[in-house]
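If you check TrEMBL, you get these features:
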- 11-21: compositional bias 'Basic residues' (COMPBIAS)
- 336-345: compositional bias 'Basic and acidic residues' (COMPBIAS)
- 347-360: compositional bias 'Low complexity' (COMPBIAS)
- 366-397: compositional bias 'Basic residues' (COMPBIAS)
- 1-26: region 'Disordered' (REGION)
- 321-397: region 'Disordered' (REGION)
- 90-109: transmembrane segment (TRANSMEM)
- 115-132: transmembrane segment (TRANSMEM)
- 144-161: transmembrane segment (TRANSMEM)
- 176-195: transmembrane segment (TRANSMEM)
- 204-224: transmembrane segment (TRANSMEM)
- 236-254: transmembrane segment (TRANSMEM)
- 266-287: transmembrane segment (TRANSMEM)
- 293-315: transmembrane segment (TRANSMEM)
Amino acid sequence: MCRVPISPRLTGRHPKPTRCRRSLDKEPTDAPLTALVTADTVTWQVVAAVVGAWAIAIGAAAQEQPATAASGHAVGRLGLVTQLLRSPRWLWGGAITVAGMILHLAALTNAPLTVIQPLGISGLLVAVWVSARWRARRLTRLEIAGAIAVTAGLTGLVGALPHDTSTAPRIGDTELLWLSAVIVPLSLVTTLSAARMSPRWRAGILAAVAGTCFGVTAALVRVVAHRLPEDPAQLWHWRTAVAVYLLCVGGLLLQNAYRAGHFGMSYSLLLISDPVVAAAVGVVFLGEALPGTVPGAVVATVSAVVTAAGVAVLARRARAPGDRPLDPTHVPTDPSVKEYHDVRPDVPSAGPARPVVPGAADRRTPNPHRHRHLPAGRQRRGLLHAPARHRTGGTWQ
């Protein structure tokens, strides 16, 4: 019970203001408890996002080789999907990717986009390393430096962004309509025009547009997941259909980006465009905050510059034609990519050619397995494929 003060007329002095003991016990402990629960929830969601990013990275590295070996040149055709579905390696890589995406979407339920989406960059070094190991080659110092620069840059960017989870994500139908009117035509135009680009540009643009689709999908999933407990009918809202469409188109564009042969650059641009677009949608449409202080803005700017430099390094050190494993039965799917065992210099002979014996092997056909110890640069220059010298009519030719 609360004490009732004695009247000042009887004591001659004014009493000190008193409070109920219940309020004194409740007020100091209520706010720290709420902050502790919120911090613990965000911590578990950050851990889930990092584990999901590593799983997505391993799955992407597993899917790169089947996507590169697929035949055809068109982008967005259904025949590519049927070829990939017949590859066991692509299927189990897709299963790992789906598991990572489930963890990522679970982390988006109560955490802001500006925190969760950039955490996907933590899988870049894992993806580049796994891809190199499966191709039986070592990472160069430039590749390691570029991957570390991208990882460090986006880590600083995550630290500079505010981590406020109190804002409820809301997006109106009008805003969603304008957003869909920009993203859907962009994905269609990219799909139709990517086949006319060079492999390097094709890989970069397709990966960037795929990341854009994934970023918008993450924003829509955050809105639907936040409102789903109150209104289960959100699953049948047309924003869910837009999210599913962007997810499918983004996955198809990403597989075509892997086919271009520049995995490090493609995956880097994917991991940059995804959080940038998601954070932009979160700030413009969902009411999330940007750094409000000068030091935070400086850290965010420097981190963005470091990230861009790392991507430039990875783009410059994109996979060369000689990085493909030595396989005499391999046939390149892209006519613009000339591989070392496909180049046979046309050397004119000094005399009549030796008659070819039926059934005998052609001496000019190279055996790439004989020269594994030599650098890939000498192999690509065609120095190992000069025609064999043979004696005809007493003279060497």
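Even glycines carry a Cβ here, placed using N, Cα and C.
The model shown is predicted, which means the values in this text are computed figures rather than measured ones.
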Worksheet entry | the transmembrane segment (236-254) versus listed stretches 115-132, 144-161, 204-224, 293-315: most Cβ pairs under 8 Å | 204-224
Worksheet entry | Chain residues outside the transmembrane segment (144-161) and at least six past its termini with a C-beta under 8 angstroms from it | 114-115, 118-119, 121-122, 124-125, 128, 264, 268, 271-272, 275, 279, 290-291, 296-297, 299-300, 302-314, 317
Discussion item. Cβ under 8 Å, sequence separation of at least 6 from the ends of the transmembrane segment (176-195): give me the contacting residues as numbers and ranges.
Written reply: 73-76, 202, 205-206, 209, 212-213, 216, 220, 239, 242, 245-246, 249-250, 252-253, 256, 281, 285
